[in-house]
Structure formats: C-alpha cells, structure tokens
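> Pasting in a structure now, in structure tokens, and then I'll have a few things to ask.
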Amino acid sequence: MVKHYRPPGKKKEGNAAKYVTRSQALKLLQISLPLFRRLCIFKGITPREPKKKFKGTHHTYYHVKDIAFLHHEPLVEIHRTIRTHEKKIKKAEAKKNLERANKLREQTPKIRLDRIIKERYPRFVDALGELDDCLTTVHLFAALPALESKKIDVESVHRCRRLAHEWQAFLSRTHKLRKTFVSVKGIYYQAQVEGQTITWITPHPLQQVVPDTVDITTMLNFLQFYETLLGFVNFHLYHSINLKYPPILDPRLEALAADLYALSRYVNTSARPSITNSEADHLDGSDEVEVKENEGQTEDEKSKLRLAQLQHQLPSNEPGSLMHLVEDISGEDEEDQDTKECKNLFKNMKFFLSREVPRESLLFVIPAFGGTVSWEGEGAPFGESDQSITHQVVDREVQGHLFFSREYVQPQWIYDCVNARIILPTEDYMVGRIPPPHLSPFVVDNEEEGAYVPDYVKTIKRLQNAARKEVLPLPGVGKEDLGDPQNLLVEGINDRAEANEAAQRKEKMKMLEQQYHDELKKELQGAAYTPMGSNVGEQTCAGEIKTGEESTSNIKQNVEDSANMPLVMMSRRKRKLLEAMQISNERKRAANDLIKQRKKKLEESKR
C-alpha cells in the first residue's frame, strides 16, 4: 500500500499549532493593533513564551485558545459599531449638517465592562486579590491634571478622585487600614479586607507632570477597566455594612474639596438605620403602640417620628450625640483582635491639622485608627481654639498661638504610631527637632545572626513590650537564657533555695563538659587515655607520637569527607543553588558589616 505524505503547509504540529504570532492574530481577528491591545487588557490576555519560537525570537506569541476567545467577544462587534458611527459623524460634519452630527454624537454606543468584570472575577475575593494595581492607578490619575493633549479629561479625574475617596472612607469606617509609609515616591498603604492583604501607593499632593515617555494610551485603557472594577468593589463593600451606593455627599463640603470628610459623615450618619433596626425590638410597649398606629402615615412622617424617638433616647445635653453613638458602633458584628487594636489606637484623642501638613492623608489615617480630626479652613468640624484638642499636627517652627493643653507634634509621629501600634513618646517629634528615622513597616524584621538592626527598632520593641507588660531580657542575655534559674528567680517562679541548687547542678555539668572536651583534644593530639580525675603523668614515646599524628590526620580527613558528603550526594542543579545561596548570604553579611562600619565612623565623628 502506498504511503500518503502530508503536503507542506496543510497541517501544523507542535508549537506551531498551539501558538500564533501577533500579526497572525491581527489577520485572524481583522482588527487594528491598538484595538487588539485594548481587548487584551480588558480580557486579561497576556503574551506567552513557547519553548521553541518557530517564527523567531523577535515575534510576540499568543495562545491559539486566547485568540479564539477574542474571536467570539462581543466587544469586537461593539467597537466595529462605534467605528461605523464615527464615520457617520464625520460624514455629517463634512456636509455641514451640525444638527445631525450633534445628534449622532449623543447616540454614540458606549462600552460596558460589567460582564467582563463578572467573567474575570467570579468571586469577590478574586477581585480583592487583584486590587493593588487598580488602586495605585486610580489614585495616580486622581492627582494628575486634565490635559487634552494626553486625552485625560476632567470627568475621568473627578471619577477617579471620587472612587479613591469612597474606598478610603470605607477603610476609615471599618478600621481595616494596617500599615502606612511615607517615601519619596509617595505614601504606601496596606489594608486587610476579608482576609486579603491590599497594598497600594498614592502620590504626594504636588503638581504632577506627565512625561512624554509614558504610554498614556495604554494607561488609559487600564484605567477604564480599573474604574469599573473599583466601582464593583465599592458597591459590594458599602452594601456589606448596610449603606447605599453611590453615596450622596454634602455639596458645600464638595465645593470646599473636603470630599473624604463628606464621605465619612455620610458613612457615619447612614449607618444608623441599620443599627436602629435591632434597637426596635427593645422599645417599651407604649412606643410599639405608637409605631403601629402610624403605619398608615407617609414615609416622611414615619422618619420624623423615628428621629424623635431616637432623640428622646439620647442625652439632650450632649451636642452631636447621634454622631458619637454611630461612631462607637462597628460595621461588623465580630471584629478580630487586629481590628480592635487599630480601632482603639487613637481613641479619645482629638487632632487638629495645620495648613502645611498633608491633610488628605491624615484625614484618612487618623479616623481609621479611632481618632477625631479637624483642619484649618472652612467646613471643619471644630476650630483651632477648641480646648478638647489633645494633639496639633504642625510642620513649621513658628506658631502664632500656643495652647498648653495640647501637644504639638510633627506628621511623622502619626505614621510611626500607626506602624508601631502604640502611642510613642512625643519628645522626639516636637516642633523644631529632627525626628527619628522613619522606618518602613514592610521590611521583615531580620533576626539573623550578624544582621543590622537600627537602634530605633530596638527602642520601639522595648516600648511595645513595656506596653504589653512583657518581661524583657537584660542586655547580653538571649531569650534562651530566660529559662535560667537566676532569671526564673527574678520572675518569682523559683525560690532562692531551688535556684541555688539548680545553679550548682548547672555549674557541675559545665565542669564535666569542659573536662570531656579537654580529653577529646588530648586524644586528637595522640596523648594516652587517662581516666577522669586521675593525675597520672603523660609519658609517650616517639612511636606513640607518630601514631597520634597519623590518627589526627585521618580524623581530620574523615571530618572533611563527612562535611562534603551532602555536596557529593546532591545533583548539580541543587549544588549550584546552594552555592548561589551561600554567595547571597556572604553579600548580605558584607552589606551589614559595611553599614555597621559606617555607623561606627559616624558615632566617632560626633564625639
């Protein structure tokens, strides 16, 4: 039977059948390159790296299934419809039919990404896990100026600013913020929402310049997707604490650029109806009868009646008592220990922000940790002359009027207290003084031997242990020495007699161990064996010394062989990995030694 050979080019096998280049994908989809990039951003399709690049290394490869996934995407048809509609607008403008052009421009189809968000993130936890880049991009565009040349419109900037403030207001209300760090790039934040750790960065409130080297078109495509994603997340989070979304803000505060404070007020005041539902069961009989009699009234009358009942229950001589009652109630029924600790950090403290400090950041951080805050300007909840203010945050040495009933601190004190989770002493953060180094909370404490630990880290640890009433080891004493009888005596665990007996036993064991090591050294040197406690003189002949030297060399060789045995048994890949780890450890050790030397020279120069 004659064997039929496959004609060349009729069938593909291997990587050629699994992957296609970008140019092949464009021909298959019949779309332009900018539209292809936009669809890949929306759908989350990324280039692949096949083992064998059959078209060369200068091509970008995509999986065939991803391209087939795009081939049936409804967004492709929507973009084609938009392109056709734009041609109609241009044709109407060319005929100088402005009325038809404006009408067509108002009827332009719009792209909705709701279906794609549900498709990419079937669970809410999945959306929270992908929120780092989303929040960073939204906060970045919220601080950028509106530029027509860069296609950054005013509505997009305002939309980003509103989404960012809604996210911050939720974190402040539920006390989910965990860490913050001020760097040259911006201000880093880290929050814990439903078990997901979310980290993002916000730029400093300065005039931002968009460089020409940045591909702003690609960033705008990402922004369009991230705006929809963050809107979905905020909607779900606000409904989880029984709040309507989007929130309705006070127009006066919005005009004064106090959006975050307006959102916080909305969150606090709107959370009350969900709380009062549980209180309705505890009303007395007369109140219940009154409520039943007014069931036929309008909604306005019912709300007025409910408000009157609440005001009757609250103390009449306390101003703003409804606000304080709402702030004391948590949005969740069960709070973990970390949330309770963050909620009570700045409890019963009132802060006033001067005009030169980063107001927006501190308005977000201080309420997230249980504090009450106001600022210098119109629309503030209380003024600078309020006698109940405990701390005033300033950043200039000259002050017009000083109040002795409050403490004046620099903004760094707020961030350091948040990261340490304790109220730090304010002496080092007073106005006019150089504050301590601002330590990053994202650096894992390196407790390895020889690692450099800043002095202020040790100071903060001592303050934390003192706040938690833990026993600190003395200088030069490790944690393993806390089990020593002398230390146990200090802690009141053993009495003096038991401690003395234990110390004597420990000293005797040390002597026996030292004697054992001495005899091992003599044996390695070729000396004759002598029992413990004997005073027999060491008499060796020349033959015995020679034999001892040979045995010593054999023992050393055996020790080296046993040390190299794991390396011999390793594969080449693992051996290279071990060598790379050793080189990395040596570099870290050298860097730590260099830091210690510089610190030593700096201390000597100060003397």
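Residue 1 is the first one shown; counting continues down the chain.
Glycine is no exception: its Cβ is also placed from the backbone N, Cα and C atoms.
In TrEMBL, annotation is done automatically, which means it is predicted and not curated.
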> Among 530-555, 582-607, where does TrEMBL put the label region 'Disordered'?
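Among 530-555, 582-607, the range TrEMBL annotates as region 'Disordered' is 582-607.
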> Can you identify, from 47-74, 75-102, 327-354, the stretch that TrEMBL calls coiled coil?
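Residues 75-102 are the ones TrEMBL records as coiled coil.
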> Please spell out the DSSP helix, strand and coil residue counts for the region 'Disordered' (582-607).
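Once the DSSP states are binned, the region 'Disordered' (582-607) shows 25 helix, 0 strand, 1 coil.
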> So how many of the residues in the domain 'BRCT' (341-431) end up helix, strand or coil by DSSP?
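Secondary-structure breakdown of the domain 'BRCT' (341-431): 26 helix, 14 strand, 51 coil.
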